[in-house]
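Following: one structure in structure tokens, then a few remarks.
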Amino acid sequence: MQFLLWSTGLVALLSWLIYTQETQSASCRCRPWESCWPSEELWNSFNTSVDGKLHRLRPAAHVCYGPSFNRSACDNILLLSRDSGWRASNPGVLQDWVWEAGETANESCPVGSLRTASAVNSCHQGRIPLFTVGVESTKQVQEAVRFARKHKLRLVIRNTGHDLAGRSSAPDSFQIHTHRLQEIQFHADMRLDGSNTSLGPAVTVGAGVMMGDLYAQAARHGYMVLGGDCPTVGVVGGFLQGGGISDFLSLNQGFGVDNVLEYEVVTADGELVVANALQNQDLFWALRGGGGGTFGVVTRATMRVFPDVPVVISEILLEAPQAISSSWTQGLSIVLTALQSLNHDNVGGQLVIAVLPNLAVQASIKFFFLDATEAAVIDRRMKPFLTKLSRANVKYTYSSKNLPHFSSNYRQVPDIHSDNDYGVLGSTVAISQQLFDSPQGPEKVAKALANLPVSAGDLIFTSNLGGRVIRNGELAETSMHPAWRSASQLINYVHTVEPSIEGRAKARERLTNTQMPMLYALDPNIKLSYRNVGDPNEKDFQQIYWGPNYGRLSNIKKKWDTDDLFFSKLGVGSERWDSEESDEVYFFSYFYLEGINTLKVARR
């Protein structure tokens, strides 16, 4: 009798599983080998609807391999591969090879010496999408979204390809490339439709505009813009939807999302909507920190701009033969104490530590004295800190310069990649004001940075928070983790990756299991990371990125995107999908004779 009951239960369970497999298979993304994949006729029809902007996509380096080999074209690719601007505009390449390659050595198409280093003799698609639409209008974005939804394609939203967690690519995917949406329009007195309330000067920016281009245009209009320091990062993509931390200006002006006034978004049903404080307020809240590529395709955004002002920049340079030494640690402690002190006077600064090929270390800390015009005055203000360095026998060099406009500080030249073909992975941890402003705070941070195991080529740098970031907590309603409003500094760690699949796996393991636990242990008051530069293996991403806001974000996601057309790695709702977000993850339980047990997660 017991066997009969067990057998009956097992048959019922298997029948239920088969039913689930059949009825829920439509939830998974369609792959090229499946019957659901669009026919050539459908692709051609779609291409007509987007004015011929659809292209079959091959990795940019395919001209260096096999039947596609072309010597002059390959040499040109090798030359261009160091140009970040070229990488931003080319949909078949990312800013870093790490997320171009698949999980095995035969799933990549590397450029340059990577070909030898990874022993790849042929070109494979890897994580580069199969098709791309180089959209030039919101209508084309709408058509692309509707096509992806209708055919259940794995959709990737890509702007400049800077994402360090692999969100700009995915295997067997369909890409919307927003880089050609290049609108820049300034408003002397911004007002939302239906409102007479003045919001001050602002700029409307298309999804494809890069930081350097916006800075240049803003300078011509007498403005400075809160943004990142890399000129080829897109303004409106992950930066302005994931938080928008400015290394230099967040102390004085807050986060990028604090200063967004309006988004224009193509939603999962292909509709174009406006989200601001007066309409679609839930979507507006979610986009202000909920992460890019998650709630829709943002085609443009409007954000505040600020009067361009003069600035004096002072810089202290330190150098040591090795990171673990008392003199190096003491030097870091002194310059971080200077940062602590000057932050109280709204003077922002940034510390950058570089590990040289011989494992010697260099540090540069710059301070930005806004509205200052005389370098000599600032030099006198910096003298007490320089005296401390001298008394501690720390070798340093000091310089200062005054610029008539802060916007002049931004680089107006293309980013140049190193020629060693190494990739990078990165992550971040926030340091609370409670720790950093304590008497021992700078020393504790200095010791943690000095003791962190590093490799040649690694970078560690800080981003200045505090100040307006904290004060905006009472003013700006954003979806960022509330703990940001008590954070003083952000520590960014960029780890080099050897040019091989094995090197990538080793780097990811070391980042997740060694370096990040050490950095998180620095401040027990806060466990917080910046999603835009977060560990791609982060297990507790919901809490670490959004904390108590995650539940509301998840509900808004379900409202605006019921089928999860938009998703990104470690994004809102991504826990419902597998690691490449192509197959849904199902949890189910069954009754066993001895009680209730939970089966293992089944992936299809």
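Here the Cβ of each residue, glycine as well, is placed from N, Cα and C on the backbone.
Here Swiss-Prot flags 125-308 as domain 'FAD-binding PCMH-type', drawing on sequence analysis.
The N-linked glycosylation site feature in Swiss-Prot is assigned to N47 (among others). Under DSSP, N47 (N-linked glycosylation site) is assigned to a helix (H, G or I) in the three-state scheme.
The feature N-linked glycosylation site is assigned by Swiss-Prot to N70 (among others), with sequence analysis given as support. The DSSP secondary structure for N70 (N-linked glycosylation site) is coil. Within the same chain, residues at least six positions away from N70 (N-linked glycosylation site) with a Cβ under 8 Å of its Cβ are V63.
DSSP assigns N106 (N-linked glycosylation site) to coil in the three-state reduction, placing it in neither a helix nor a strand. The N-linked glycosylation site annotation in Swiss-Prot covers N106 (among others).
Long-range Cβ contacts of N196 (N-linked glycosylation site) within its own chain (separation 6+, distance under 8 Å) are none. In the three-state DSSP scheme, N196 (N-linked glycosylation site) falls into the coil class. The feature N-linked glycosylation site is assigned by Swiss-Prot to N196 (among others).
Annotated signal peptide per Swiss-Prot: 1-25, in sequence order, evidence recorded as sequence analysis.
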Predicted model, mean pLDDT over the domain 'FAD-binding PCMH-type' (125-308): 96
Residue among glycosylation sites N47, N106 with least C-beta crowding, 10 angstrom cut-off: N106
